[in-house]
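This report refers to the structure that appears directly beneath it.
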Amino acid sequence: MDVLVHASPPNSPKSHLYSPSALKTKNNIETIQEQQKPHQDSSSSQSPVITMSKDSSISVREDQKARTNKRYIFLLVINYSFLFVGSLSSSLLLKFYFNHQGSSRWVSTWVQSAGFPLLLFPIYLPFYVFKCTDRRPFSLFTPKLLILSIFIGLMLGLNNLLFSWGNSYLPVSTSSLLLSSQLVFNLILSVIIVKQKITFQNFNCVILLTLSSVLLALGSSHDKSQGLTRAKYFIGFLSTIGAGLLFALYLPVMEKIYRRIYCYEMVVEMQLVMEIAATALATMGMASAGGFSEMKRESQVKFDKGARVYWVTVFANVVTWQLCFMGTAGMVFLTSSLTGGICMTALLAMNVLGGVVVYGDEFGGVKVVSTVLCGWGFCSYVYGLYLKMKEEKEMENKNHGMEMVHNAVAPNNV
């Protein structure tokens, strides 16, 4: 079994994790790492991970969060594709469920996490069937990580319930634009939890998205389904805002945990535990409210498209929500919580257009202005990322040039 070796001081509290016979070699590794450590942002994690086996043999695994890793771009594209397909499809399918006499908020909450068995395939098949990795599933999963995953999973389950409650009352376009406010909370919580730096572009994005949500709140109270009271409309409005706030807290908390993780496989394992916890919460709610018997009765009597379409809708919801959450987790692991939130906000415009095209949601002047402000804020942030990457590239070229000059001058001083 491999033991992870991090660049910790010899007297670090983590020293007890290593055997005495390995400490000398470990300390030598740490010295080399300290000498070769590049100057980089404290929030990045792009150094190789050194592992030591029982026979003290040493191997180096490159952190999969590093942009130099061969799998980085592939994982980034795959996870954003998951997020894109999952976000758009799950939002429209959930609205389809409610539009055709589906009424159980516990069912709509349950389907958001019940697809966790799908994660068993990417966790266990590579090791036991395809033999393409030497890492045993859950081999580095500590009790602390398990407890954190369960707690965050319960928080995610509550977020799912609030989202279902809000989406059952509000049009897709309204709920999607309201959820854009989660980026505001995300930035504030990222500053507090993961020390995210505030730039002009970040601040500009926050202001624009706040204005977008305020305009929507003031001008869209008339945009509601027939028979929906004003009180229920604002319950849905506040539930959606609450869901955005909880999800905004989830993102930076996960980024802080992911900084201690070096491989994407552990992200999937954490996601499995979190989804199990969220499903357990939804299952208890369904059982206490008679949700399972209601699901059967709903499919046979209430759902106006028939039982077959009902179960297809439920299963499709299960799959698409799993894609959405896995894509979100992957984006946070590979980039940052703020970038993950920005990507989700960019997709909200697609959800708005999907609601207008598929369900005929009203798209009046207020929503047009709100969407424009949302897009403006997103573009502002993307431009800020471009400037940051350009500055980092110039600094890297400057350091490389100084190193070449130093190497050329050094032999002459010998």
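Cβ from N, Cα, C; glycine included.
Whatever TrEMBL says is automated annotation, not expert-curated.
Owing to the predicted nature of the structure, the values given are computational and were not obtained by experimental measurement.
The compositional bias 'Polar residues' annotation in TrEMBL covers 22-59.
The region 'Disordered' annotation in TrEMBL covers 1-62.
Within the chain carrying the transmembrane segment (72-94), a Cβ under 8 angstroms from the stretch's Cβ atoms is held by residues 64-66, 108, 112, 164, 167, 172, 175-176, 264, 313, 316-317, 320-331, 334-335, 343-344, 347, 350-351, 354-355, 358-359, all 6 or more beyond its ends. Annotation source TrEMBL lists transmembrane segment at 72-94 (among others).
Residues 265, 268-269, 271-272, 275-276, 279, 282, 318-319, 321-322, 326 of the same chain lie 6 or more positions beyond the ends of the transmembrane segment (114-133) yet place their CB under 8 Å from a CB of it. Look at TrEMBL and you will find 114-133 (among others) tagged as transmembrane segment.
As annotated by TrEMBL, transmembrane segment applies to 145-165 (among others).
The transmembrane segment feature in TrEMBL is assigned to 177-194 (among others). Away from its own ends, the transmembrane segment (177-194) comes close to residues 43, 166, 170, 202, 205-206, 209-210, 212-213, 216-217, 237, 240-241, 243-245, 247-249, 251-253, 255-256, 259, 336-338, 341-342, 344-345, 348, 352, 367, 370-371, 374, 377 of its chain (Cβ-Cβ under 8 Å, at least six residues beyond either end).
Annotated transmembrane segment per TrEMBL: 203-221 (among others), in sequence order.
Look at TrEMBL and you will find 233-251 (among others) tagged as transmembrane segment. Listed by sequence, the residues of this chain that lie at least six past the ends of the transmembrane segment (233-251) yet keep a Cβ under 8 A from its Cβ atoms are 152, 155-156, 158-159, 162-163, 165-170, 175, 178-186, 188-190, 217, 221, 224, 328, 332, 337-338, 340-341.
Long-range contacts of the transmembrane segment (272-289) within the same chain: residues 104, 106-107, 109-110, 112-116, 119-120, 123, 146, 149-154, 156-158, 160-161, 295, 322, 325, each at least 6 residues beyond the stretch ends and with a Cβ under 8 Å from a Cβ of the stretch. Annotation source TrEMBL lists transmembrane segment at 272-289 (among others).
For 309-334 (among others), the entry in TrEMBL reads transmembrane segment.
The transmembrane segment annotation in TrEMBL covers 341-360 (among others).
Annotation source TrEMBL lists transmembrane segment at 366-386 (among others).
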